[in-house]
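Read the structure below first, then the notes.
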Ligand code: GDP
């Protein structure tokens, strides 16, 4: 066919659109609404259902958008919506080191405003430099809203009362303010002149279809204006795409659902697909598209097609696909040199590969894209990674994690993956922490908290084994026993006086050990320590009152030099203020004599 292809080789492909946003903000409903409207507007068969994506051709965009889209103004063929919303599929779908989606819709519920996954989606859009618009969804829930099904926003807004308009304005400005807090200059879409510089906010209802014409018009306009060049492809060239999902399919074995973003794939093509280990070289057995609804009762849900051109979603049945990975590149070989194509696929995989260190945490994720997003987030949080792989958490991951020197790194962070039961048991015996989540930054936060807990526990144990600073005074007329041991009443001026510590007195500059605390009693009860301000009686083994110590003497807990150093350098934030004060006074006294004491 390549010799007889008479098509214009350069042609404009459909921009690929992804929908992101917080859970329950209406991503699925919005996609359903757009698909539904497209089906209603289109003649039977005019909207093509792809695998994993829905193509809405320009004429249907135009009939939904009415006056807002004049087909004469456009030469892009329409919009291709990725059916699986959410930033997970967005990060999976990559192309040549960037995001596969050309443009994104960030859905924000006007009542609920910015939420964790909204922020995460913004972060991903920022990193991938993907242009996006914000669909401020659920405007129909503003109390008193007057519904105008499928109406452009301007008309329906005009038909609302002042109060309803005011309420909606408030909610929209809140969203614009939130965007600006995140560093995106934004405005209502009709005020935006340059969509490359400003984010347009489109008020919509996925329920009533209000604002959907505007949404489609803005996306069409934005793509036409700023992306036309990127949409130029060689339709007759060998296809290039990304694996969306690897799936077992009855009658076909392992298949890959791919999104093709360049060229054409044919039923007799040879392919190179990114795999867990080496690139997979295989031959297409069948190209499959969903069978139209009317024919669904036939033996298979799919029908075979001879060729598909970008942009498109298609299922490919081929041998050897067991190791194929979601997010991996796919390239048609056709008349090119096989080795070159294998190298290209290898290079793309290496590009996605995460930099690892000698020591660090183990990271698992379900796709290459999400693995990379995890790695980015961990790099920001300054968490080193020792191993990063696609797949569920398995026993060998536990083995790797358990060898970390630092207990804080004996950890596996799993994004969107399962923990195999054997791994779970091993983790318990090997004392490896497993954290899993479906929101990346929550996962990082959970890990941060864990690290903090460990650090706190480590400091607590250090504190337990260290002599605490204390300054205290023997009270006048409080000698209960002269010696063996001397028992006197004292008041702690600062710090924590512990049992069994040695006691020193500074006579002039020189510290002089006078004895050791051999018991503390507070109101007749034995206690282990006395805090700042406490009056207690202490037994001091060693001195005799009148010889060695006197009433009204100022005494100190003797702090070994090593302890003083740890206290000053590592624990200053951990000990109470009065104790730090006692430490500093003690250090001053010591350093008067020896400026390097405890340093
Ligand atoms: P997703 O998790 O972001 O895909 O959210 P869904 O599309 O599943 O929507 C979550 C809930 O919000 C569902 O109960 C929807 O019916 C509802 N919903 C979505 N969009 C709208 C809207 O524009 N108006 C109203 N009233 N409800 C909506």
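Numbering starts at 1 and runs along the chain as displayed.
A Cβ is built for glycine as well, from the same backbone N, Cα and C atoms used for every other residue.
Under the heading domain 'Tr-type G', TrEMBL lists 12-227. The domain 'Tr-type G' (12-227) scores a mean pLDDT of 91 in the predicted structure.
As annotated by TrEMBL, GTP binding site applies to 21-28, 83-87, 137-140. All protein chains shown were included, and the count of other CB atoms within 10 Å of the CB of residue 24 (GTP binding site) stands at 14.
Candidate binding-site residues: 24, 84, 87, 139. Those with a Cβ under 6 Å from ligand 1, in sequence order, are 24. The binding-site residues considered are 84, 87; of these, 84 has the fewest other C-beta atoms within 10 angstroms of its C-beta. Spatially close to residue 21 (GTP binding site) yet at least six residues away along the chain are 27, 85, 86, 105, 106, 107, 108, 117, 118, 121, 135, 137, judged by Cβ distances under 8 angstroms.
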